[in-house]
Each structure stands twice: as structure tokens, then as C-alpha cells.
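Inspection log for the structure reproduced underneath, given as C-alpha cells.
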2 protein chains.
Amino acid sequence: MKTPEGFLFSAVKCGIKKPDRFDLGLIYSPNRLTAWGVFTQNTVQAAPVVLGKKLIKEETLHGVVVNSGVANACTGEEGIQRATKLLEEVAKGLGVSLRSLLPASTGVIGEQLPLEKMLPKVSELVSNLSPERYLDFTKAIMTTDTFPKIAYRSLKNGISILGIAKGAGMIAPNMATMLGFILTDAKVSKDTLKKVLPKIVDHSFNQITVDGDTSTNDTVYMLCSNQKDLKNWEDFEKACLEVAQELAYLIVKDGEGASKVIKIMVKGAKTKEDAKTFAFSVANSPLVKTAIYGEDANWGRIFAALGKTTIPFDFEKVEIYLNGIPWVKNLQVITDEEILRKELQKEVVEIQIKLKEGKKGFEVWASDLTEEYIKINAHYRT
Amino acid sequence: MKTPEGFLFSAVKCGIKKPDRFDLGLIYSPNRLTAWGVFTQNTVQAAPVVLGKKLIKEETLHGVVVNSGVANACTGEEGIQRATKLLEEVAKGLGVSLRSLLPASTGVIGEQLPLEKMLPKVSELVSNLSPERYLDFTKAIMTTDTFPKIAYRSLKNGISILGIAKGAGMIAPNMATMLGFILTDAKVSKDTLKKVLPKIVDHSFNQITVDGDTSTNDTVYMLCSNQKDLKNWEDFEKACLEVAQELAYLIVKDGEGASKVIKIMVKGAKTKEDAKTFAFSVANSPLVKTAIYGEDANWGRIFAALGKTTIPFDFEKVEIYLNGIPWVKNLQVITDEEILRKELQKEVVEIQIKLKEGKKGFEVWASDLTEEYIKINAHYRT
């Protein structure tokens with residue numbers, strides 16, 4: 001794997017996360033980056049989200065400073081000041097303008113950034129920078145993640161796209177659902193990014209759920225070092241989307257306590273909005289998620305989850321397919337229960353739900369719900 | 001306890017539920033009952049719901065026939081026919097008109113009523129009727145409930161109100177969230193019931209949640225035997241509401257795997273609808289529920305759950321109280337963590353959330369989320 005040209009990575013251990021692990025990371029480019037960001041819809045927005053939304057509009061940007069362990073959410077004016085101070089110290093170390101770095105944080109809500117631990121590590125953070133250290137960076141943004149999440153594509157003309165993310169669903173008590181970074185050496189204008197990034201996020205990160213809890217810190221940044229001219233826009237956009245979807249898949253796969261990835265595909269809805277509501281209702285239903293975990297072909301729970309949306313539809317006409325195998329038609333199970341059970345034992349379970357109301361569809365990826373999720377989230381701080 | 005005059009109860013074991021337990025119950029009155037019902041909002045409605053909605057409009061009603069083990073949901077036209085057949089056989093046994101009994105079912109979705117097991121038991125069901133057998137009836141409607149749910153009030157002038165319910169949240173794989181019956185010997189007109197029952201349900205059963213999954217079978221019937229004149233309407237309505245609230249509380253307390261009851265009280269919202277959305281968002285958040293289970297005073301999860309509604313509010317002004325003790329103000333924890341932890345160890349945990357947006361409030365009762373919920377719902381059919 002060849003990381004995109006024009007990007008350097010670094011990470012240090014400040015002692016925020018115990019046991020001693022990388023917890024402060026830096027992505028830096030000596031080039032002026034084209035950058036855009038997409039942020040959480042939560043009304044309660046963390047300091048780095050408030051700050052990031054402003055800084056992303058700057059014309060000159062050189063990178064991102066990310067910490068894990070503390071989300072810097074619900075920290076008021078002091079949270080903004082501390083995040084700004086950290087960014088400025090790193091900018092000074094790099095010799096770039098003070099407002100040219102973007103912030104991101106993930107960790108426990110309601111705690112201030114421990115600058116006394118972080119600032120002494122800034123010079124090491126800067127001097128460690130190298131094109132190869134992307135794995136250390138990826139580790140530095142992990143919380144309850146059990147593995148680092150990286151996706152990569154390269155195009156024929158040498159353009160490469162690197163995606164890095166963290167997230168294991170709603171990582172409690174951190175609430176720092178997900179951070180994502182998509183880096184490329186392609187030359188792209190800011191106006192184009194503004195249009196393309198929300199579309200990519202809509203078709204990847206916005207189609208996943210672990211527990212339906214939206215975080216205060218969700219952030220996806222796309223950074224372009226503008227080293228290489230784009231020849232085929234379609235190929236590039238497709239590759240970027242693939243990178244984002246691969247990261248989204250990895251987040252669901254690493255969902256807290258998850259044993260399976262569930263792909264819910266709703267088809268034949270009247271509107272896309274309906275299809276989305278149906279798909280998320282099934283994907284977030286604790287009863288569907290526990291049935292899949294228990295490898296129980298309990299289709300009644302899917303019908304109940306569709307119906308609880310209160311969207312009108314003719315449920316007698318609904319067809320369900322499991323990994324492509326016909327499962328329910330005319331309210332009858334039409335495949336042997338043992339065959340269905342075997343399909344449910346697979347690592348990825350595809351549930352296709354065909355309505356007869358219209359032509360719109362939506363797909364959601366979800367994790368199942370296990371005892372381990374409860375353990376992680378009930379006893380995390382203890 | 002003196003059951004309301006004019007009501008008889010019965011239950012038999014048909015062998016639907018294993019091991020052999022009461023699974024078919026009957027409430028009967030020789031008097032013409034005034035009756036009304038409130039039914040699930042789920043688009044996927046069980047046969048007894050479809051049928052009950054029609055029959056409740058009849059002028060002459062004499063009781064309710066309820067079974068557990070099979071929900072008779074997603075069973076098509078045959079489900080309606082079987083439910084009708086059962087009602088008619090019981091009506092013949094009682095010697096009342098064929099359309100004078102109401103249906104209710106709770107159990108697994110997608111299975112037909114096993115009439116071959118049920119019809120032979122109808123004569124025993126009828127001959128067992130007695131005013132004392134209400135506990136057997138209550139047992140006959142239980143599924144994963146761990147205890148029968150009964151509430152009772154009497155008024156000075158001898159009027160009594162008996163409430164009976166089943167439900168342990170969304171009882172998987174049964175989906176038969178809850179059935180409730182409120183019986184009284186007071187004389188009440190149907191028009192009055194139509195107005196009063198939805199109000200009572202709104203302030204009791206509609207304020208609880210175990211897992212946010214709405215069932216296909218939810219039904220609450222109120223039956224009045226019209227034996228006693230009402231002198232004080234206010235006292236009567238208050239007593240009925242208390243009965244319904246007590247049943248609602250018992251359902252949450254018996255929530256699948258629940259270790260605690262959580263009362264979420266939102267105040268100071270702009271509209272009642274906002275307050276309700278906030279309260280249910282907190283009450284259904286897996287992260288809040290697991291934190292309470294883990295006795296972890298993790299207030300950040302409450303803020304994130306409020307914010308994920310995307311309703312605008314000034315979160316820096318939100319105050320949180322735990323069992324009446326100030327917990328969070330100005331984004332600061334203002335009580336010692338050890339004191340908070342002790343409060344969280346109580347069986348009932350009250351979380352009061354004060355916003356500064358307006359004057360509207362809403363209260364929701366929820367259960368916490370434990371490993372036991374997963375066990376019950378992942379492995380129930382196995």
C-alpha cells in the first residue's frame with residue numbers, strides 16, 4: 001500500500017488512555033489541502049465539532065489533530081479554549097498558520113482535555129511525522145475498537161485514496177461513535193468536495209447503526225493534497241465511496257460485542273424516506289438484533305419492526321429473503337427452518353425485505369446485539 | 001379484595017404453552033357490559049386486534065376470551081376465521097349472542113390458533129367460571145412475565161376497580177407486549193368510556209417502554225358491569241388511572257431481564273411533544289439503560305440522548321437531578337460520585353431533566369438493559 005502523496009502521520013502516548021497507548025495523533029501535509037467535513041446531527045455538539053465547523057471553511061488547511069480518551073463534549077467555553085490551545089501549539093511546532101489545523105476528539109463526555117499531559121508531547125508528535133506512520137495514527141484514535149480500521153484504493157493513474165476510521169458503534173461511555181478521515185493526493189476543489197463528501201457519507205456512514213445512539217462527536221474529514229490531476233472523475237468518486245463503505249462496514253463489524261453484520265435491504269417502498277425508516281426500524285430493533293444473534297429465524301419480529309413505524313403498507317404482500325433465499329411469502333415460511341438457521345450462522349446476514357408499495361429502496365448495515373454489548377456499556381468506567 | 005360485582009373469571013390449560021400452564025382465559029359477565037378498547041398503533045395488526053376493533057362497537061357485550069402462547073398475528077384470513085370460531089364456541093357455551101365476546105391473544109407471531117387443542121376445553125372454561133378465579137385468569141395471559149399483574153382500588157360507595165395486565169416489555173419472540181383489562185362495577189356509558197379510556201392509557205401504558213418495540217397485539221379493554229351508580233366522577237377517574245398506572249409500573253418492573261425501574265421526568269420543554277420525544281429518547285437509549293444497570297453516573301449519555309433527537313435546545317442550561325438530588329448543572333457534576341452511585345443502586349431511579357426552553361413536561365417509565373434481556377430474546381425459541 002502506497003499512502004497518498006503529500007501526507008505525513010504521527011502519534012504519541014500522552015497517558016490519557018490507560019494502559020499507556022497512543023492517544024494523540026496528527027495528519028499533516030506541507031501542501032495546502034483542499035478539505036471538507038461532515039459533522040454529527042446531535043444537538044449537543046462537542047467543542048471539536050463546533051470548532052471544526054468553523055475551521056473547515058478556512059482557505060489554508062494543513063491537517064488534523066485528533067485525540068482519544070476525552071471527547072471534549074459538554075465542556076463549555078473552556079472546552080473550546082483548550083482545543084484551540086492544542087491546535088495552536090501543534091501549528092507552532094509545524095510552523096504553519098494558527099488556523100490551519102482541524103480538531104477531532106473521541107472519548108468520555110464531560111471531561112476537559114488534559115493539556116498538562118498533551119502539550120509536553122507536541123514536539124515529539126511533530127518530530128515523529130512520517131508517511132509510514134499511518135497505523136500509529138489509526139491506533140491513536142481508537143477507544144473500545146478491537147482493531148484499527150483502514151481502507152485503501154488506488155486508481156490507474158497513480159492516484160490513491162486512504163481511509164481511516166474509528167468506531168465500534170456508540171462506544172460507551174465515550175459516546176464518540178465515529179471519526180473518519182479520507183485522504184487523497186488527487187486535485188479536487190473545495191466546491192466539489194462540499195458536494196461530494198455529504199453524498200459519500202450518506203451512502204456509507206449514514207447507512208450503519210450499532211445501537212441507534214447518535215454521538216456528540218461524529219466527524220468525517222476529507223483531505224486532498226492536490227498532487228495529481230484527476231482524469232476520470234467517476235472512477236475517483238466510486239473509489240472514494242468504496243473506501244468509505246469499507247470503513248463503515250468495519251465499524252459495524254467491530255460494533256460493541258457484535259458477533260455478526262446484518263445487512264437490511266428494503267425494496268419496493270413508496271418513497272426513499274419510507275424505505276429508510278423501515279430499514280432503520282428493523283436494524284435498530286433489539287428483538288430483531290437478538291434473534292439474529294440467537295440464530296433464530298423469527299420473522300415475526302421483522303414484521304413487527306416494520307409495522308411499528310406506523311407507515312401504512314400491505315404487510316400480507318411483504319416478501320423476505322435471507323442471504324438471497326426466499327424466507328417468507330404470503331405470511332408463510334417457505335424454506336425449511338434448518339436451512340434458514342444455517343444461513344443465520346454466517347458472519348454476514350443479508351435480510352432483503354420486498355414491499356409492494358412502490359419502487360424505492362434503502363440499505364442499512366447493523367450489528368447484532370449480544371450480552372457483550374451490555375457488559376461493555378454497563379461496566380466500562382468501573 | 002372484593003372483585004367488581006357482575007364479573008366471573010375462568011382459565012384452562014389447553015397445552016399451547018409448555019410446560020402445561022393456564023393458556024386460555026375468560027372474563028364473563030351475565031350483565032350487558034359497557035366496554036371500550038384501545039389497540040396497538042403498529043401497522044401490522046394481529047387478527048384479534050382487527051376483530052376486537054369491530055366487536056368493541058357492538059351494543060351487547062359480555063366478556064373477553066384471551067389466549068397466550070400464540071399471538072394470532074400475521075395469520076391472514078384464516079387467523080380471523082379461527083379467532084371468530086373460538087369466540088362463537090365460547091358464546092354458545094355461555095348461551096350469549098355470537099358477537100358479544102371480545103378477543104385478545106399474546107404469543108408467537110405467525111402461528112395459527114391451535115383450535116384442535118382449544119375447542120375441547122371450552123366447556124371446562126365455561127363451567128369453571130367464578131368471581132374468585134381472577135388469579136387463574138391472570139396466569140392464563142402471561143408469557144415471559146415472571147409474576148401476575150393485578151391492581152385494585154375501591155371507592156367509598158362500594159364501587160371497585162380491578163386491573164389485570166400481562167407484559168414484560170416486548171416479550172420475544174412473542175411480540176405480545178401487553179394486554180390490559182380494567183373492570184369495574186360502576187355504571188358508565190359507552191360514550192364516556194370512549195373519551196376516558198384513551199386518556200387513561202395515555203397517562204399510563206403509553207408512558208412506558210422496555211425496548212421501544214411496539215407489538216402487533218397490544219390491547220387494553222375497559223369493561224363496566226353497570227351495577228353501581230357513580231356519585232363522584234373525579235374520584236372514579238382518579239382510581240381508574242391509578243389502577244392503570246400501577247399495572248404499567250408492574251410491566252416495567254417485570255421488563256425482560258430488568259433490574260431497575262427508571263423514571264425519566266423531562267420538564268421545561270417548549271411543547272409537550274418535545275418533552276415526550278426527549279423523554280423517550282433517553283428512556284430508549286441502550287447507553288443510558290446500560291449505564292443505570294451498571295450504576296454508573298454517566299451523565300454524558302443522557303445529554304447525548306437528548307441531543308440525538310435533533311430538537312434545538314440550550315444544553316449548557318440543562319439541569320439533571322437523581323432521585324431529587326442535584327446531579328448536573330452548568331455542565332458540571334455538583335454532587336459526589338459516591339453519593340450518586342448509592343442512589344443508582346436503588347430499585348427505582350428517578351432522573352429529572354430540567355430544560356429552560358418552556359413549561360411543558362413528560363414522564364416515561366423504563367426498565368434498564370441487562371445481559372438477561374439478551375439471553376431471553378436470543379435463545380427463547382431454542
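A Cβ is built for glycine as well, from the same backbone N, Cα and C atoms used for every other residue.
Copied over from TrEMBL, here are the features:
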- A:THR143, A:LYS166, A:THR177, A:GLU256, A:ASN377, A:THR382: substrate binding site (BINDING)
- A:THR177: active site, nucleophile (ACT_SITE)
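Mapped onto this structure are the features recorded in TrEMBL.
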residue	record	DSSP (3 states)
A:THR143	substrate binding site	coil
A:LYS166	substrate binding site	strand
A:GLU256	substrate binding site	coil
A:ASN377	substrate binding site	helix
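In sequence order, the binding-site residues near chain B, meaning those of A:THR143, A:LYS166, A:GLU256, A:ASN377 whose CB lies under 8 Å from a CB of that chain, are A:ASN377. Annotation for the binding-site residues A:THR143, A:ASN377: lowest Cβ count within 10 Å of the residue's own Cβ, A:THR143. All protein chains considered, the CB of A:LYS166 (substrate binding site) has 30 other CB atoms within 10 Å.
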